[in-house]
Structure formats: C-alpha cells, structure tokens
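The structure appears below as structure tokens.
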Amino acid sequence: MGIKFLEVIKPFCAVLPEIQKPERKIQFREKVLWTAITLFIFLVCCQIPLFGIMSSDSADPFYWMRVILASNRGTLMELGISPIVTSGLIMQLLAGAKIIEVGDTPKDRALFNGAQKLFGMIITIGQAIVYVMTGMYGDPSDMGAGICLLIIIQLFVAGLIVLLLDELLQKGYGLGSGISLFIATNICETIVWKAFSPTTVNTGRGTEFEGAIIALFHLLATRTDKVRALREAFYRQNLPNLMNLLATVFVFGVVIYFQGFRVDLPIKSARYRGQYNTYPIKLFYTSNIPIILQSALVSNLYVISQMLSTRFSGNFLVNLLGTWSDTSSGGPARAYPVGGLCYYFSPPESFGSVLDDPIHAAIYICFMLGSCAFFSKTWIEVSGSSAKDVAKQLKEQQMVMRGHRETSMVHELNRYIPTAAAFGGLCIGGLSVMADFLGAIGSGTGILLAVTIIYQYFEIFVKEQSEMGSMGALLF
C-alpha cells in the first residue's frame with residue numbers, strides 16, 4: 001500500500017519546481033555566498049508587508065510560536081517554515097505508522113521528499129486560507145473576494161520561496177538547511193533585540209526601555225535608590241529582565257556541554273588489517289528534529305483551536321480543545337490559551353506560574369518529554385539513520401564493528417541507536433522545559449533550537465575547513 005501511495009502522487013511530484021543537484025563540487029566560499037543570499041532573501045521577505053490587509057493589530061494567536069517557526073506577522077513570512085515542518089511531521093507519522101513505506105533506494109527517497117514538498121505546498125494554501133477567513137487581516141466580507149484571493153496568493157508564493165530556499169541549501173549549494181538557518185536567525189535576532197532594544201514601553205511603573213541591558217543603565221541613571229533600581233532591572237515583570245538574560249546564557253552553556261556527550265563504537269576495516277576507527281553515537285542523535293516536529297504539532301493545534309474558537313465560541317468540544325484570552329502587557333497584543341488542551345500543552349509563563357498551577361506544569365512536562373522521545377525514535381526510521389541504515393553504510397565502506405561479525409552488526413547497533421534516539425529526545429524535551437521554567441528569552445524550545453543549530457554550523461565549518469587542508473590547519 002505504501003509504495004502504491006507514493007506511486008499515485010508521482011505524476012504530481014514531476015511537475016513541482018525543483019532545484020537541480022550541483023554537477024560539480026561547490027567550493028566553501030560559494031557555499032557561504034549562497035547561504036548569505038538565501039538568508040538575505042528570507043530577511044527581505046520578513047520586512048515586506050502583505051498587500052491588501054486591512055489590519056494586523058488584533059491579538060496575535062501565534063505570538064508564542066513565531067520565534068520558533070521563523071514567521072513575522074503581517075509580512076510575506078507570515079507562515080514562516082510552518083508548512084515545511086508540518087508536511088515533514090505528517091510524512092514522518094505516516095511512515096512511522098507504516099501507512100506508507102519508504103524503501104532504501106535513492107528513487108524511493110526522492111519520491112518521499114517529493115511527496116513531502118507536495119504536502120508542503122498544499123498546507124501552505126490551506127494555512128493561507130485559514131488565516132484570511134478567520135479574520136487575521138480584517139473581516140473577509142469587508143475586504144472582498146479579490147483582496148482575500150490576492151493575500152492567499154502572496155502567502156502561497158512566499159511559502160514556495162521558502163521551500164525552494166530550503167531545497168537550495170539541502171542540495172549542497174549552501175551550508176546546513178534553510179529551516180535551521182531561518183530558525184537560528186530569528187531566535188538570535190529576538191535575543192539581541194530583547195537585550196538591547198531601545199523601544200520604550202509605558203508600564204504602571206512609568207516609561208521603560210524594552211531591552212534588558214539598556215533598561216539596567218536607564219534605571220541606574222534615573223533612580224535615586226540604586227539598590228531598588230538594580231533589583232527592578234533583574235526582576236521586573238512583563239518585560240525582559242537581566243534574570244531572563246542570565247537564564248538564556250546558562251541554557252546556552254548547558255546545551256553546548258551536553259553536545260559533547262557520545263558513545264564511540266570501535267570499528268575496523270574488513271579489507272585492510274590494522275586500520276581502526278570509531279563510529280560516534282551522540283546523545284542528541286537526532287539533533288533538534290524532535291523539538292522542531294513538536295513545535296509544528298503545537299502550532300497546528302493552536303491554528304485549529306483559534307479557527308474553531310473564532311467561529312464556534314462557547315461550544316463544549318471547541319472549549320475542550322482550547323479557550324483563549326487577549327493581553328497586551330509588556331509588548332504587542334497577543335492571544336494566549338487559558339484553558340483546554342492548548343493551555344496544558346503551552347509552557348507556564350514563569351516559575352511562579354508552576355507553583356500556582358502544578359497540574360498544568362506536570363502535564364506540560366509529560367507532554368514535552370513524551371512527544372520529543374517519540375518523534376526522535378520514529379524519525380530515525382524515515383531519515384536513513386536507523387541501526388539497519390548505519391550497518392548498511394558501514395558495510396558499503398567495508399567497515400565492521402570490532403569483536404562482531406558483519407551479520408550481527410545490526411543487532412549490536414540496535415542496542416545503542418534506538419536508545420540514544422529516545423533518550424536524546426527525552427533530554428531535549430527536559431532542557432526545553434528547564435529553559436521555560438527559568439524564563440529564558442525566546443522560550444525554552446527556541447533557545448534549544450538556536451544552540452543546536454549554531455553548534456551544527458560550527459561542526460560544518462570545521463569539517464569544510466579540514467577538507468581545505470592547509471587553510472584548516474591555519475584556522476584550527
């Protein structure tokens with residue numbers, strides 16, 4: 001059934017726009033250039049407002065997810081990477097449940113990736129229609145059918161651009177992937193902005209600067225009681241404070257420390273005697289994939305809940321999914337869940353909130369740990385990184401595990417890889433929860449994604465430099 005399903009959508013995949021694989025080896029300088037161009041296009045799209053919208057000043061239902069999904073409200077990047085990640089989530093779940101089967105051949109992998117791209121485009125159109133029809137840009141009846149269609153087309157074209165930019169980097173023209181690049185850029189931009197923002201906000205305490213560090217100097221300069229000013233800079237409410245900034249730095253350090261945890265399996269050449277090496281299995285075996293997929297799941301739950309609560313407010317089943325409230329304290333107007341599944345799947349706002357509602361905190365912790373472990377373990381089956389796939393790669397390189405026959409390699413690898421994937425996903429979820437409870441800037445999930453992505457780029461940079469030989473020796 002699985003192969004039949006992929007064969008059915010094969011004709012549609014053939015007409016999709018595609019980036020051709022490079023016919024030659026792309027030099028490191030060219031990769032840096034293409035990566036910079038990709039990032040520039042993304043940042044430009046983040047600043048171009050959607051044409052035809054009447055208003056985007058209403059409470060933002062996806063405020064908490066925008067940093068993670070690299071989206072910017074009221075611009076071409078309204079949807080961000082959400083369609084790509086959602087399509088990946090759907091295809092992974094279908095493959096993990098064996099509803100569709102992905103073979104080991106390059107043809108089957110290419111067909112699977114094509115199906116993922118097709119779903120990405122369909123989801124882009126679907127999300128664009130939902131955003132317009134739920135009144136995020138104004139009442140659809142007031143805007144008219146023509147303007148509504150124009151906004152949907154703009155969002156679809158922008159979504160297609162994101163898909164192609166991601167594919168451009170994935171095919172080897174640039175460094176890393178578009179998804180990782182866009183997420184890391186968005187999160188780092190948020191952290192820097194909340195640390196140094198010169199924007200002033202009117203609070204009950206008077207006019208204050210949004211940026212935590214600028215607020216520190218402003219409070220020390222304007223307040224006569226310096227101790228109280230210092231305390232306010234560290235613990236002020238509803239705006240970024242120095243404790244949030246210190247928590248962010250602390251989480252950065254903890255995640256980088258855990259990145260070094262790994263088990264080295266001894267391997268040897270089956271062809272040349274005396275040639276030994278190691279195969280590393282990292283603690284974060286699936287890297288940040290679990291948290292990206294978990295974010296996609298929650299964001300789509302938010303979309304569905306918001307759409308239903310707008311149309312069917314007061315319905316019991318709709319309220320069971322999520323009830324929402326608006327707030328504008330300490331920043332732009334935003335909607336946040338106050339009941340239902342969406343509430344329990346959202347992080348507590350602070351450590352004080354944990355003490356006020358421990359049941360919420362307990363359910364959130366269980367959800368984060370369970371979903372990250374599940375996504376991590378199922379991802380290895382569809383990404384070519386399971387024990388069977390690793391054994392096949394080692395066999396192709398004529399390498400075997402020391403002390404084991406070639407036929408028993410899969411069994412031995414199965415002792416480590418699924419465990420590393422599940423436990424690594426569990427740790428990723430745990431670190432995200434810890435960062436949320438500490439009040440790190442950009443949410444625990446966002447910080448975790450930023451650190452793992454930056455570390456990935458560091459590893460890519462080291463690898464590229466080492467391949468350049470003498471240049472690598474000079475730099476490292």
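Each residue's number is its place along the chain shown, starting with 1.
Glycine too: its Cβ is placed from the backbone N, Cα and C atoms.
As the structure is a computational prediction, the values presented were derived from the model and not from experiment.
For the topological domain 'Cytoplasmic' (2-33), the mean pLDDT of the prediction comes to 79. The topological domain 'Cytoplasmic' feature in Swiss-Prot is assigned to 2-33 (among others); the stated evidence is sequence analysis.
Proximity of distant same-chain residues to the transmembrane segment (34-53), defined by a Cβ-Cβ separation under 8 Å and at least 6 residues beyond the stretch ends, is recorded for 26, 70, 72, 74-78, 137-138, 143, 147, 150-151, 154-155, 158, 161-162, 165, 168-169, 173-176, 178, 181-182, 185. Positions annotated as transmembrane segment by Swiss-Prot, on the basis of sequence analysis: 34-53 (among others).
If you look up Swiss-Prot, you'll see 54-76 (among others) marked as topological domain 'Lumenal', on the strength of sequence analysis.
Sequence-remote contacts of a segment are chain residues at least 6 beyond its ends whose Cβ falls under 8 Å from one of its Cβ atoms, and for the transmembrane segment (77-96) they are 2, 42, 45-46, 50, 66, 69-71, 102, 112, 115-117, 119-124, 127-128, 131, 155, 158-159, 162-163, 166, 178-179, 182-183, 186, 292-293, 295-297, 299-300, 375, 378-379, 381-382. For 77-96 (among others), the entry in Swiss-Prot reads transmembrane segment, with the evidence type sequence analysis.
Within its own chain, the topological domain 'Cytoplasmic' (97-117) is flanked in space by residues 1-3, 5-7, 9-10, 13, 16, 87-88, 91, 163, 167, 382, 384, 389, 392, which lie at least six positions past its ends and keep a Cβ under 8 Å from the stretch. According to Swiss-Prot, the feature topological domain 'Cytoplasmic' maps to 97-117 (among others).
When Cβ-Cβ distances below 8 Å are used as the criterion, the transmembrane segment (118-138) is approached by residues 9, 12-13, 16, 50, 52-56, 58, 61, 74, 78-79, 82-84, 86-87, 90-91, 148, 151-152, 155-156, 159-160, 163, 303, 306-307, 310-311 of the same chain, each at least six residues removed from its ends. Taken from Swiss-Prot, the feature transmembrane segment covers 118-138 (among others).
DSSP assignment over the topological domain 'Lumenal' (139-144) gives 4 helix, 0 strand, 2 coil. Residues or ranges marked as topological domain 'Lumenal' by Swiss-Prot: 139-144 (among others).
The annotation transmembrane segment is assigned in Swiss-Prot to 145-165 (among others) on the grounds of sequence analysis. With a threshold of 8 Å between CB atoms, the same-chain residues lying at least 6 positions outside the transmembrane segment (145-165) that come near it are 17, 19, 38, 41-42, 45, 50-53, 76-81, 83-84, 117, 120-121, 124-125, 127-129, 131-133, 137, 178, 182.
According to Swiss-Prot, the feature topological domain 'Cytoplasmic' maps to 166-172 (among others), an assignment based on sequence analysis. Outside the topological domain 'Cytoplasmic' (166-172), and at least 6 residues removed from its termini, the chain residues within Cβ reach (under 8 Å) are 18-22, 26, 31, 34-35, 38, 81, 84, 117, 178-179, 181.
According to Swiss-Prot, the feature transmembrane segment maps to 173-193 (among others), an assignment based on sequence analysis.
Sorting the topological domain 'Lumenal' (194-240) by DSSP state (H, G, I as helix; E, B as strand; all else coil) yields 24 helix, 8 strand, 15 coil. If you look up Swiss-Prot, you'll see 194-240 (among others) marked as topological domain 'Lumenal', on the strength of sequence analysis.
The annotation transmembrane segment is assigned in Swiss-Prot to 241-261 (among others).
The annotation topological domain 'Cytoplasmic' is assigned in Swiss-Prot to 262-288 (among others) on the grounds of sequence analysis. Counting only same-chain residues 6+ beyond the ends of the topological domain 'Cytoplasmic' (262-288), those with a CB under 8 A from a CB of the stretch are 180, 375-376, 379-380, 383, 385, 390, 394, 398-403, 406, 413, 416-417, 420-421, 423-425, 427-428, 448-449, 452-453, 456.
Residues or ranges marked as transmembrane segment by Swiss-Prot on the basis of sequence analysis: 289-309 (among others).
Look at Swiss-Prot and you will find 310-354 (among others) tagged as topological domain 'Lumenal', backed by sequence analysis.
Residues annotated as transmembrane segment in Swiss-Prot: 355-375 (among others). Distant neighbours of the transmembrane segment (355-375): 92, 286, 289-291, 293-294, 297, 343-348, 422-423, 425-426, 428-430, 432-433, 437; these residues of the same chain sit at least 6 beyond its ends, with a Cβ under 8 Å from one of its Cβ atoms.
Long-range neighbours of the topological domain 'Lumenal' (442-445) within the same chain, counting only residues 6 or more positions beyond its ends whose Cβ lies under 8 Å from a Cβ of the stretch, are 64, 67-68, 187, 190-191, 194, 248, 251, 291, 294-295, 347, 431-436. Scored by C-beta pairs under 8 angstroms, the transmembrane segment (289-309) has its highest count with 421-441, from the stretches 173-193, 241-261, 421-441, 446-462. Within its own chain, the transmembrane segment (421-441) has Cβ neighbours under 8 Å at 190-191, 194-195, 240, 243-245, 247-248, 250-251, 254-255, 258, 282-286, 288, 290-291, 294, 347-348, 350-351, 354, 361, 364-365, 368-377, 379-380, 447-448, counting only residues six or more beyond its boundaries.
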